[in-house]
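**Student:** Provided herewith is a single structure, encoded as C-alpha cells, for subsequent inquiry.
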Amino acid sequence: MGNGSVKPKHSKHPDGHSGNLTTDALRNKVTELERELRRKDAEIQEREYHLKELREQLSKQTVAIAELTEELQNKCIQLNKLQDVVHMQGGSPLQASPDKVPLEVHRKTSGLVSLHSRRGAKAGVSAEPTTRTYDLNKPPEFSFEKARVRKDSSEKKLITDALNKNQFLKRLDPQQIKDMVECMYGRNYQQGSYIIKQGEPGNHIFVLAEGRLEVFQGEKLLSSIPMWTTFGELAILYNCTRTASVKAITNVKTWALDREVFQNIMRRTAQARDEQYRNFLRSVSLLKNLPEDKLTKIIDCLEVEYYDKGDYIIREGEEGSTFFILAKGKVKVTQSTEGHDQPQLIKTLQKGEYFGEKALISDDVRSANIIAEENDVACLVIDRETFNQTVGTFEELQKYLEGYVANLNRDDEKRHAKRSMSNWKLSKALSLEMIQLKEKVARFSSSSPFQNLEIIATLGVGGFGRVELVKVKNENVAFAMKCIRKKHIVDTKQQEHVYSEKRILEELCSPFIVKLYRTFKDNKYVYMLLEACLGGELWSILRDRGSFDEPTSKFCVACVTEAFDYLHRLGIIYRDLKPENLILDAEGYLKLVDFGFAKKIGSGQKTWTFCGTPEYVAPEVILNKGHDFSVDFWSLGILVYELLTGNPPFSGVDQMMTYNLILKGIEKMDFPRKITRRPEDLIRRLCRQNPTERLGNLKNGINDIKKHRWLNGFNWEGLKARSLPSPLQRELKGPIDHSYFDKYPPEKGMPPDELSGWDKDF
C-alpha cells in the first residue's frame, strides 16, 4: 500500500483456535481464582474464630494465673512467718489456717519471733521541720535572690530539659522547675572521686553536664549515667541514706541543688500562688466574708484554664454553672443592645477581676459575652457542683455567715481563748485513775527516772531508740517508757518534732489515743512515760494472719476514724497512720501511738514538712504543695486496703518508685478480688488525688466516712462507750504481761552524750 501501512495479522493460538479461546481460558482462570479466594476467606474466618477462642482461653488462664499467683504469694508470706517461729522454737511445723492465725497462737509464739521478722515493718521518714525553733544550728532565713546562680540561656534549657525528663520532677509546676534551674550551682569532680557514696546521708540532687559517671552497689557495676540526666532526687525530699555509689570515671561537671533550697522553693512558690488566689477571692463580694478554712478549700479547688485571642469564655444566653477569676491577660465584655445587629463592647476586664459569680448560687443565664482579648489568657475556674460539695451550698453558707459576720470584730486571741476553754473541759474529763498516776510520777526525779522505775521488757525498737515496759518499783503499776536518743534527734534535725509530740500528747485525752503521763531527760536520752497498752501491735497480728476479714477491718477503721475526729477538732494533723502505729489495749481497742509527725495547724492553714511513711504519704506531700487534714484521710484509705489484703496498694522496689506509683494515682488501679465493691468505693473516695475531693474533706467532714455504705449499721455509739465487743479481744495475765509483743535483743552499747541544750524545756 502506498501509505506504507502494514495489514495486521490475526494471532493464532498454538492449538489453532482463535483468540476467543484465550478469553475463555482467562475467564475460567478468574473463576478458579475466585473459588480459591472464597475457600481462603472461609479458612481465614475459621482460623480467626479459632484464634478468638484461644484468646478467650488465654484471658481466662491469665486471670486464673493472677489469682493463683496472689494466693501463692500470700501463702508464701504466711509460710515464711510461721517458719521463723518454728525455727526459733526448734520444733515441728505449725498447722494454721492460711486466712486466720488464732490469737492464742500469736500469744504463744510472738515472744519467740526474732528481730529479723520485723523486716517487713514500715519506717517513717522526715525532712527537717520548716520551723526549727529548737535547732541551735539552723540556717539563716532563705533568700531566693541570694540563692540564684548565673547561667546562660543554653545551660538553663539543658538543665530544664533534664529535670523535666525525670519521672518525679516532671510533675512539678513549671514555675518550680524554673526556680530550681535558677538556684542550681556548678560542682566539679575529679576522675576517681565519688559524687555519691553508698551508706552516707544524701542532701543534693544532681544533673550531669560533662563527663562520665557510673553507678555501683558495693563493688558491683549497675549502670552508667547519660549526659544531662538527673540523679539523687530522693535526697531533696528528706534526709535519707544513699543506696548506691556514683563514681566519676572521668573529670565531670554537675549542676547541684540541696534539700534546704529545694524545699524553700517549693514552699515559696506554693505560698505565693495561694496568697495571690486568696487576694483574688477576697475581692469577690460574694466570698469576701468567708472564713479562712472555706477560702482555703476554694483555693484548692480552683483550676486554671487558658484561652487564645478571640476565644469565647462565656456566651450570652447560655446557661452557666462556672465562676471565673481572671489570673492573666485581658478580656472584653460584649452585650446585645437594641438598635444594633452585633453585640456592643461594654467594658474590658483585667487581671484580678471576676465574672460569673451568680453561677455559684443558682443556674445562671449568661447576660453577656466574655471574649479573650489576647493569647494565653488564664482564668481560675470553679463550678457550682464542686463549690457545693467542698464548701457548701449558698443557703448553707448564708446561715453560717450570719454568725460569722456578726462576730467579724472578734480578734484571734478571743477565738483561741474559746478553744483553750474547750481544752480545759476535755482535761476535766480525765479519769481519776489518770490524775492519780500523774500525781504519782510527778514526784519522780526529772533526770533519773529509773531510780523509781524498773525495766521489765522491750516492747519496740526503732531508729529513734527503744520503748521499754517499766513498772514502779515495789508496786504493780506499769507504763511504757519511750527512750529517744538525743544525738540521733540532733543529727536528723528532729528537735521540733520531738517537742511537738510532747506538747500535743500533753493536751490529749481520748480513749483512742495513748496517754502521756510525764517526760524526763538526761545527757543521753529524752523520755516519755506513756500508757502501757499490752494487747500488742496491730501490725504484728496482721503480719501473722496475712489479712483481716471485713468485720475486723471495720472495727479497726472505726477506732482510727474516732481518733482522727478528735484530733482534727483540736486542729491537730497526725501524718503517720499505719498498722505499726496502732496498738491494742486489754479490751482489744485500738489506740494511736507515736505522735512524732503530728502537728497543730490553724484553721484553713497548711504545713510543708515532708514526713510520713513512704507507702502512706499523700501526693501533695510528695510534691511539696503544702498539706492539711486531708492527708490523714488519704492514709485512712491506704490502711483499709492494707487491712483487707495484707499489703498497701503502692509499694515499689525503692522509695522513689513508690512515690511515682502514688503520683500515678489509685483511679486506674485494679483491686484484688478480696476487696469487695463497697470497701473499694470507700478506698477510692478517700484516696482522690485532689485533696478537696477526698471523703472526710468535703462540707460534711468526717461524718461522710461514718455514713459510707461500707460502714452502714456500725455501732458508733457502742464503740465510743466501749461497750462494743472487739474482734481483737486480748487476754492479759496482769499489768506486765508482754506476751503479745515480739522479743528484742538488748541494746548494744550506750549512745554518746548530747549536751547542746536543745532539750532544756523538755
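Just so you know, glycine gets a Cβ as well, placed from its N, Cα and C.
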**Student:** Report the candidate from LYS473, LYS482 that shares the ATP site with LEU459, GLY460, VAL461, GLY462, GLY463, PHE464, GLY465, ARG466, VAL467, as recorded in Swiss-Prot.
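**Tutor:** That ATP site, as Swiss-Prot gives it, pairs LEU459, GLY460, VAL461, GLY462, GLY463, PHE464, GLY465, ARG466, VAL467 with LYS482.
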**Student:** Tell me which range among 29-50, 117-138, 667-688 Swiss-Prot lists as region 'Disordered'.
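**Tutor:** Range annotated as region 'Disordered' by Swiss-Prot: 117-138.
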**Student:** I'm trying to understand the geometry here, so how far is the Cα atom of GLU357 (3',5'-cyclic GMP 2 binding site) from the Cα atom of GLY465 (ATP binding site), in Å to the nearest whole number?
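**Tutor:** With the alpha carbons as reference points, the distance is 56 Å.
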**Student:** Helix, strand or coil for LYS347 (3',5'-cyclic GMP 2 binding site)? Use DSSP.
**Tutor:** strand
**Student:** Can you give me the residues near the recorded ATP site, meaning same chain, not LEU459, GLY460, VAL461, GLY462, GLY463, PHE464, GLY465, ARG466, VAL467, LYS482 themselves, Cβ no more than 8 Å from the center of the site's Cβ atoms?
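**Tutor:** Filtered neighbour residues, in order: CYS483, ILE484.
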**Student:** List only the single closest residue to GLY463 (ATP binding site), chosen from the recorded positions LYS347, ALA359, SER367, THR609 by CA-CA distance.
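**Tutor:** Among LYS347, ALA359, SER367, THR609, THR609.
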**Student:** So of all those recorded positions, LYS347, ALA359, SER367, THR609, which one's Cα sits nearest to VAL467 (ATP binding site)?
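**Tutor:** Of all the candidates listed, THR609 is nearest in space.
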**Student:** Tell me which of the recorded positions LYS347, ALA359, SER367, THR609 ends up closest to LEU459 (ATP binding site) in space, Cα to Cα.
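**Tutor:** Going through LYS347, ALA359, SER367, THR609 one by one, the Cα closest to that of LEU459 (ATP binding site) is THR609.
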**Student:** Given a separation of at least six residues and a C-beta threshold under 8 Å, show me what packs close to SER367 (3',5'-cyclic GMP 2 binding site) in the same chain.
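**Tutor:** For SER367 (3',5'-cyclic GMP 2 binding site), the qualifying residues are GLU316, GLN335.
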**Student:** Count the other Cβ atoms sitting within 10 Å of the Cβ of ALA359 (3',5'-cyclic GMP 2 binding site), across every protein chain shown.
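**Tutor:** Neighbour count, Cβ to Cβ under the 10 Å cut-off: 22.
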**Student:** Going by DSSP, is GLU357 (3',5'-cyclic GMP 2 binding site) part of a helix, a strand, or coil?
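**Tutor:** In three-state terms, GLU357 (3',5'-cyclic GMP 2 binding site) counts as helix.
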**Student:** Rounded to the nearest Å, what's the C-alpha distance separating GLY465 (ATP binding site) and THR609 (phosphothreonine)? Just drop the number here, would you?
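**Tutor:** It is 22 Å, counting Cα to Cα.
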